[in-house]
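Student: Quick one: the structure is below, questions incoming.
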Amino acid sequence: MTQDATPSRIPTLAVTLGDVAGIGPEITAKMLLGHDELRQRARLLVVGDAAVLAQAVQAVGGDPARVRVIATPAEATNQPGSIEVIQAGPSLAHVPPGQLSAEAGDGSVRYVTTACALARDGLIDGIVTAPLNKAAMHMAGHKWPGHTELLAHEFGVKTFSLVLSAGDLYIFHATTHVSLRQAIEDVNPQRMRAVLRLAGSFARALGRADHPVAVAGLNPHAGENGIFGTEDAEILAPAVAQANAEGILAAGPIPADALFPQAVRGKWKFVIACYHDQGHAPFKSVYGDDGVNITVGLPVVRVSVDHGTAFDIAGKGIAREDSLVLAAERAAQLAPGWHQVWETARSTTGG
């Protein structure tokens, strides 16, 4: 952790460029050119490709001369309107927008691993990620299901969760980028206990241990007393009971169709979804792209946009940067206290 991540100094955040064939470059350019208020809360630099960013700046009507290559985070001046880039690998400026490319997939992974190395060396306090494309990443031979799993590997952690957030709502996911069939298999006692501990430690670190963690039922009607499946009674309910016995305020399982409307209305601040679409579908129905994706369980804060690469509009300069701005704001907010989040999570889950 850098000395900037203290109450009196702003944190240093690395923005990874994502897939260069997607909208990552242009939303990064728009954020850094048009939202200088962010620089009062964080020192911002990009890990990616300077030439690609120069193209993106030009596409959105800016001056490509604003892009400057730096060698280390310490060189970042954070001046208004500046785009300071740590060049990670060869230029991919020749990659056409809107097309799947192994080169772009490889680059997107390289930007993340470079940022993780900077974090491990204590040179940055957090990572903000523009979207990568899973198909392109796989074309390049990187078989990670997504950003979250790649980051967990880079930091050597086994217990982590993808968390969607908007305002004061945090939706943890017990499983993420696997088939629904596999997700049901993965909702086992060990995983549910681990995610409950992770969510509880996160709530405690935020000073909200008095807010219960609500667990969504896996089956319709949370199983309806075993009529629609036994997992809720045999796996989820015992995990909730154990969490309460350990001092983690928890509730559930609660039928998902009741829980998520209640959460949106403010009854629940911390929710655990059993599988990807159980959490993502209601969240995006309400918040659209006006939310962020936080990875809880890493030693540094990582916040991402909650949308994809949008190949259909890439390179046209029309993509909205709102979610990336929200991600940077949330990372800047969480970074100064993230050490407590990490230590609390590690002590309760074993990493």
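Residue numbers in this text run from 1 along the chain shown.
Just so it is clear, glycine is given a Cβ too, placed from its N, Cα and C backbone atoms.
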Student: The divalent metal cation site in Swiss-Prot includes HIS177, HIS221. Which of HIS138, HIS142, HIS276 is also listed there?
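Tutor: Looking through HIS138, HIS142, HIS276, the residue Swiss-Prot assigns to the divalent metal cation site is HIS276.
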Student: Using DSSP, would you call HIS177 (divalent metal cation binding site) helix, strand or coil?
Tutor: coil
Student: Given a separation of at least six residues and a C-beta threshold under 8 Å, show me what packs close to HIS221 (divalent metal cation binding site) in the same chain.
Tutor: ILE227, PHE228, PRO255
Student: Please report how many Å separate the Cα atom of HIS276 (divalent metal cation binding site) from that of ARG302 (substrate binding site), as a whole number.
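Tutor: Here the two Cα atoms lie 19 Å apart.
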Student: In DSSP terms, helix, strand or coil for HIS147 (substrate binding site)?
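Tutor: Once the DSSP labels are grouped into three classes, HIS147 (substrate binding site) ends up as helix.
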Student: Quick one: Cα separation, LYS284 (substrate binding site) versus HIS177 (divalent metal cation binding site), in Å?
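Tutor: Cα to Cα, LYS284 (substrate binding site) and HIS177 (divalent metal cation binding site) are separated by 17 Å.
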Student: With every protein chain in view, how many other Cβ atoms are within 10 Å of the Cβ of HIS177 (divalent metal cation binding site)?
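Tutor: The answer is 16.
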